[in-house]
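Participant: Here TrEMBL flags Leu71, Gly98 as S-adenosyl-L-methionine binding site.
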Amino acid sequence: MRVNIICIQKKDELKELTKKYTKLISNYSQIKEFNLFNQKISLAQNISPLEAQKSYEKAFEPYKKNFSIALDERGKNLNSLEFARLLKDKNEVNFFIGGAFGLRKEFIDTLDLSLCFSSFTLAHQLVKILLLEQIYRAFCINFNHPYHK
């Protein structure tokens, strides 16, 4: 299996946790991170939220293949066992994490699924850590590893 995490992010302020979970996940799957941020996104964020969201979508476009999931506060709530079942038979999964202005419903509707980790608005760096931990937990569930109790 291959897992891709695609997010709008300048720098990884939680790099050590990201590395920790990426290493753990790599025992079960290939995992790649794509931290996308460029001058066009920066300029768009200074124009309006809508322009920012459109710039995120343009940056995400090349990655919209295979099974694609948006992380969004309006998404579906799953528990860890349901999430593990969701990932179980997939060859490749792409997770999209928007920037400061989130993702438009129009973009989310083009993907296979939208997931919610909390009804709170969360910083995208924290969402990425939560996602990595849940991906690792899902593999542990699917491979009967004692991490998930």
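Cβ coordinates are placed from backbone N, Cα and C, and glycine is handled just like the others.
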Participant: Helix, strand or coil for Leu71 (S-adenosyl-L-methionine binding site)? Use DSSP.
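Facilitator: Once the DSSP labels are grouped into three classes, Leu71 (S-adenosyl-L-methionine binding site) ends up as strand.
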Participant: Does anything in the same chain, at least 6 positions from Gly98 (S-adenosyl-L-methionine binding site), have a Cβ under 8 Å from its Cβ, and if so what?
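Facilitator: Cys7, Ile8, Gln53, Tyr56, Ala70, Leu71, Asp72, His124 - these are the non-local Cβ neighbours of Gly98 (S-adenosyl-L-methionine binding site), listed in sequence order.
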